[in-house]
Amino acid sequence: MHSKVVIIGSGPAAHTAAIYLARAELKPVLYEGFMANGIAAGGQLTTTTEIENFPGFPDGIMGQELMDKMKAQSERFGTQIISETVAKVDLSARPFKYATEWSPEEYHTADSIILATGASARRLHLPGEEKYWQNGISACAVCDGAVPIFRNKHLVVIGGGDSAAEEAMYLTKYGSHVTVLVRKDKLRASSIMAHRLLNHEKVTVRFNTVGVEVKGDDKGLMSHLVVKDVTTGKEETLEANGLFYAIGHDPATALVKGQLETDADGYVVTKPGTTLTSVEGVFAAGDVQDKRYRQAITSAGTGCMAALDAEKFLSEHEETPAEHRDTSAVQGNL
C-alpha cells in the first residue's frame, strides 16, 4: 500500500493532523496502534480524568470522550484508521518504508510521515514491581482505579506534579484513603491542584519520601509498600493494596532511533516554529517533540502545524519522482 501521508499515533496531535489532511483531500492513513507503548488508542488522554482546560467544553469533558470525538471527526472527513502498531520505518529514502507489528516483513510506502507517537509513563522498577504489576501496581488510575482490588483500600500514588495530584484525587472515589509520596519537600503541581490535594480529607501527602519495595500476599496481590524518608533514611512498611505511578513520561521515539535527530532526553528535535525534523518529509507533533508544555491543546496545535507542513511539502514535491529522492543528505541539517 502506498499513501501520500501516513500518521503514526492516536492522540490529539495525530487526529488533528488527520482532520486537516483529510479535508485537504490527501487521504491520510492513521495507524493508531494496538496498545502501542502500552497505551490504548487515544494516547495519554485516555488515562486522565475530567479535562477542564480544553476550549469548547465549559463543563469539562472526560479524556476518553474527547479522544472518541476527535477520532469520529477525523473519520468523518475520510481518514483511514488502522488499529495496528507500526513496528519499523526506513527513512533513508523516499518513498519512506514502514511495516506493522503483525506483518513485519510486508513493507508499505509513504511520501511523507507525521510522527505523533507521544510519550509513555515512567516506572520505578522497584523490587516486587514486576511480580505485582497489574496485580496492585499501575501507571493509570483512570484505567484501573475502579477495579475491585482497589475499592475501599489504602492506595498510594508516587509523584509530585499535576498528574500525581489528578490521579490521587480520582482514586479518592474508590479507595478508603490515598497517600501521595513526594520525593522532595514540596509539590510541583499547579497551585490549584496542590490546594485541592492538600485539603482533601481522604488524602495524605508525605514529603521527602520514596518507595523502596513492593510486597504481596499469598493471593499474588500487592499488600504492602516499604517506604523511606530520604532525610533520615528511616524505612517504614505501609499497608497498601494499590500503587500508582505518576512520575513523568518518556517520548516514544524507539521507532526512529538513529534516523531522526533527538535531544538528550530522547525527544524529536524540530526546526523552531515548525514540525520539520532532520529528515525532509518527516514531521513530528505532540508530546514526542514537546517536553515543555505537554498539554492536549498544544498537542492538537502541533498536529495542525504538521498537517500544514506536510501539505506544503507534498505540493512542492509532487513533480519529483519519489523513488529517486535520497533523504540521507538532509539529516541533521535543521
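Quick reminder: no glycine exception, Cβ is built from N, Cα and C everywhere.
Residues or ranges marked as FAD binding site by Swiss-Prot: SER10, GLY11, PRO12, ALA13, ILE39, ALA40, GLN44, ASN53, VAL86, CYS143, ASP287, ARG294, GLN295, ALA296. Non-local contacts of GLN44 (FAD binding site) by the CB criterion (under 8 A, 6+ apart in sequence, same chain) comprise GLY11, GLY118, ALA119, HIS249, ASP287.
CYS140 (disulfide bond) falls within neither a helix nor a strand when secondary structure is assigned with DSSP, and so counts as coil. According to Swiss-Prot, the feature disulfide bond maps to CYS140-CYS143.
Summary for the recorded positions VAL86, CYS140: the Cβ-based neighbour count within 10 Å is maximal at VAL86.
For PRO12 (FAD binding site) paired with CYS140 (disulfide bond), the C-alpha to C-alpha distance reads 18 Å.
Secondary structure at VAL86 (FAD binding site), taken from DSSP and collapsed to helix, strand or coil, is strand.
A straight line from the CA of GLN295 (FAD binding site) to the CA of CYS140 (disulfide bond) spans 17 Å. Between the CA atoms of VAL86 (FAD binding site) and CYS140 (disulfide bond) there is a gap of 23 Å. The number of other CB atoms found within 10 A of the CB of SER10 (FAD binding site), across every protein chain shown, is 29.
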